[in-house]
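Annotation comment: TrEMBL describes 22-41, 96-99, 183-185, 210-212, Ala226 as NAD(+) binding site. What TrEMBL lists as substrate binding site is Tyr66, Arg69. What TrEMBL records for His114 is active site, proton acceptor. Per TrEMBL, Zn(2+) binding site is recorded for Cys122, Cys125, Cys143, Cys146.
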Amino acid sequence: MSTLELVRGWLRDAHRIVALTGAGISAESGIPTFRGAGGLWREFRAEDLATPHAFARDPKLVWEWYDWRRGLVAAARPNAAHAALAARPDITLVTQNVDGLHTLAGSRGVLEVHGDLWTLRCVGCGAERSDRTVPLPELPPRCSVCGDLLRPGVVWFGESLPERTWSLASAAAEAADVFLVIGTSSLVHPAAGLAARAKAAANAKVVEVNLERSGAGADAFLEGRAGEVLPALLAGG
Ligand code: OAD
């Protein structure tokens, strides 16, 4: 029996399936990943662009980088991997991605544990708004309520994850029979720890879809592009 058939059997028998996705699932949509060849962290330093300290030091620089990424994402379309997951509303979807492509593909209730690129949040009064304007007319943008700086509604290094979203993701992981780990290097915690929690809590089968094995501790590894593997894995389920 092939690994694909084995995992299709696990999925058929499962009551609760959870998928955690990372930047690799959007690679085939033309959005750069963070690590590996062509990865954003090869070209840019996270500490200059994706920390509260970097924003306090130079909000314009940070915003220029996010405005550029918003432009890349605005031009991108969901791919076959996003579509395969959207066709399976029985799967609880947790993503580290801030690109919103799962929702654009039709997935509902996506748990975006690192926030999203389209939310702007005031550092002063906390007001939030969704704004898909690309490019933004003024960098850094300002709050229309109190005039303070707006920041991207994403999670930066050194910050906590959004509490409610994270607690829903944790509870889903701990109740899973099958936990899919898709297109992530499994290096950034706490998201990277969800697979191990699923294993520890309910002995979930952990299945990884990636070009290369990460440290996710998978019971089954499906090597390949998410846009090819997921349609074959999830169709007809
Ligand atoms: P990474 O860039 O660390 O890892 C991307 C993973 O996707 C790698 O393991 C690749 O092998 C794999 N990959 C690439 N193309 C693929 C494809 N077509 N199909 C399947 N897999 C593919 O991205 P993440 O793990 O998502 O956080 O990074 C985690 C977090 O680190 C991000 O959310 C971001 C980043 O810094 C913050 O900004 C807080």
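Including glycine, each Cβ sits where the backbone N, Cα and C put it.
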Restricting the binding-site residues Tyr66, Cys125, Leu211 to those with Cβ under 6 angstroms from ligand 1 leaves Leu211
Surrounding the recorded Zn(2+) site, with Cβ no more than 8 Å from the Cβ centroid of Cys122, Cys125, Cys143, Cys146 and those residues left out, we find Val123, Gly124, Gly126, Ala127, Ser144, Val145, Gly147, Asp148, Leu150
Integer Å value for the Cα distance linking Cys122 (Zn(2+) binding site) with Gly30 (NAD(+) binding site) is 30
For Ser26 (NAD(+) binding site), the closest of the binding-site residues by C-alpha position, picking from Tyr66, Arg69, Cys125, Cys143, Cys146, is Arg69
Out of the binding-site residues Gly38, Gly183, the residue with the smallest number of other Cβ atoms within 10 Å is Gly38
The recorded positions listed are Gly22, Phe34, Tyr66, His114; by CA-CA distance, the one closest to Cys143 (Zn(2+) binding site) is Tyr66
